[in-house]
Each structure stands twice: as C-alpha cells, then as structure tokens.
Amino acid sequence: MKTIGILTSGGDAPGMNAAIRAVVRTAIYNGLKVKGIMRGYAGILQGEFIDMNLSSVADILQRGGTILRTARCEEFKQKEVRKKAAEILKTHGIEGLIVIGGDGSFRGAQLLSSETGVNTIGIPGTIDNDISCSDYTIGFDTACNTAIDAINKIRDTATSHERANIIEVMGRNAGYIALYAGVAGGAEIIILPEVQWNINEICEKITYGIKRKKLHHIIVLAEGVISAAELDKMIRERLPKLDLRHTTLGYIQRGGAPSVMDRILASKMGARAVELILENKSQRVVSIRNNKIVDDDINSALSMKKEFNYNLYELSKILSI
Ligand code: ADP
C-alpha cells in the first residue's frame, strides 16, 4: 500500500483543517496510508510523523488553524537539508507529499521533488490570496468575512459619533482582502498596493463626504501600503478638525471557523491533490480558475501573474460617491 505524507507550512489559514480532512479521507477511501507531519518541513527533519486514520480528522472541519501546526524552516532552503529530508521520508515509507501553504512552501516542494524524486503536490492555503495560479486560496473568504464583521461593528460606532475610521487589514503585499472587504463593507475609500493613491484626494473625498452630511467615513487600508497609524497622521496633518480613529485588525483575520466557501474549496482541493498522487503526478499545484479545479506545474504556477480586479476597484469608487 502506498503511503503519503501531509504537512502545513508558512502562515496558517482557516480551512487548512478542512483540506487536511479531505486529503486523509480521500486517501483512505482510495486505499492509501497517510502520515501527518507536524510543523511543516521542520517536522520532517525532527521526525514528527503521526499515523492518520479516519478519526484523526474527525471534528476538525469547522476549526480554524491547522491541527498539524505550522512553522517556518529556513534550513530547508539548503540542498543538503532537503536531501536529508527525503531520506527521512523514505524511512517512513512516504512516496508522495502534499504541502498546504503559500509560494515559499511550493518552492520547497518543487526543489524537494526535482532533487530527490519524492512526488509533491501543493495546495494554496493563505488568507492573502496572493498565489497567482489560483483565483482563490483557502482562508481568503473567511478572512474577508472576519474583516467585514469588524467593519460593520466599527461603522456602528463611527455613525453614532460621526467619525472617520481607518481600518487596516492584512494581505502582505497584496490588496485582495482590502478590496473585497472594502467593497462588501461599503468603505468610502480603499487603499491598496496595486493602485496609486494620493493623500490630498483622500482628504478631498472625506471633506466632500462631510459636506454632503455623510455619517461616517470608512477607509479600508491594506497593510502592504502603510500602517494605519501613519495614514492617521497624514490625514490629521491635512484635516486637523476631523474626528478620526484607526484600528488594525491583525491576527483575528487569521483565525476562526472557515466559511462555507473555504470549506468547500479546501475539500475539493484536498481530494484533487490525492487524485494527482494516485495518477503518479508530481510537482503540481492544485488551483481554482474560472470556478474549475485545475492543476499546474509548480514552476509555471509560480511564474504566473494574477490579473488584479481593477473593475471591482472602479466599482467601489462609483458605489462610494
Ligand atoms: P509561504 O509558504 O506562506 O509563502 P514562507 O515563504 O515562509 O511561507 O515559506 C514556508 C517555508 O517553505 C519556509 O520556512 C521554508 O521551509 C520553505 N521554503 C520557502 N522558500 C523556500 C525556498 N526557496 N527553497 C526551499 N524551501 C523554501
């Protein structure tokens, strides 16, 4: 019987557990054995392997985080360390490895496979949605829902006090969470790394909003631009009388029960990853594009460029006049 390994690597994301469950259950359904590897690539080197059965993944579908834990493992960037990892995998009988993570984790999986022959399959798990080959990544939808929940609450108090509020959301160098949460949360202003912005235009928009008696001004800011505190200072310098507050949502966006969208995406991706192993495929990343589950060679997946949704950004400007 073939044995596969599964690990989560890089930043955690809600829905990773749903993907682990899908991998384990699909693998067992197809007669494979599964070993869970704790703490990403570091767990291979430290020999942290767990035999997974059907009940190892019971009651995790609805839980945020990852039961396999996650860690960063700098030494995995060294060729000799990856060689050692492959030897350890071999001693545990692991022929295929499924890696749930981001770009960095996929780079590690690609090198491990091309250098040592271990079959590797990547599943995109990150709240940032910054993996080019996939329209959506596991965790993004949940993070957006968490962000709009917070925006709704801040909007209540902003309206009562007729205040402006800056809400800084995560996303690393990408503005997907800010864009989606900003549109869904009815933000007046959305500031993203992908779009040029001008502080004077932002202040003009706030001033215009005050003149037309808007009750609040919600500014959604992507963390990859500047910090909420810095933007707060820039606005105060220009509009000293404005009643302004800022909030950084931070790690609440990384946790919580995964949304329906994330659970389904994770279930489909996890199952497809196992199918690819059964087809003896290697160095592939599972993605969703145009609502279809597809897979690509890791190298070509890593070199793809994702088209930013400028139409949605333009729509946000029309809807917030
Ligand atoms: P993410 O997978 O979310 O992009 P990182 O970039 O931190 O997160 O990568 C996670 C882990 O993947 C790293 O700690 C390391 O073990 C491995 N990794 C990242 N980049 C490489 C690389 N160039 N070569 C080999 N392994 C890598």
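Each Cβ is built from the backbone N, Cα and C atoms, and glycine gets one as well.
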Recorded ATP site member, picked from G11, G15, G31, that accompanies R72, C73, G102, D103, G104, S105 in TrEMBL: G11
Per TrEMBL, R21, A22, V23, V24, R25, G186, A187, E188, R212, K214, L215, H216 bind ADP; matching candidate in R63, R155, R254: R155
Binding-site residues near ligand 1 among G11, V23, R72, D128, G186, I252 (Cβ under 6 Å): G11, R72
Residue among binding-site residues G11, R72, T126, I252 with Cα closest to the Cα of E188 (ADP binding site): I252
Residue from R25, R72, G186 whose C-alpha is spatially nearest that of R254 (substrate binding site), among the binding-site residues: R72
Set of same-chain residues at least 6 away whose C-beta sits under 8 angstroms from R72 (ATP binding site): S9, G10, G40, A42
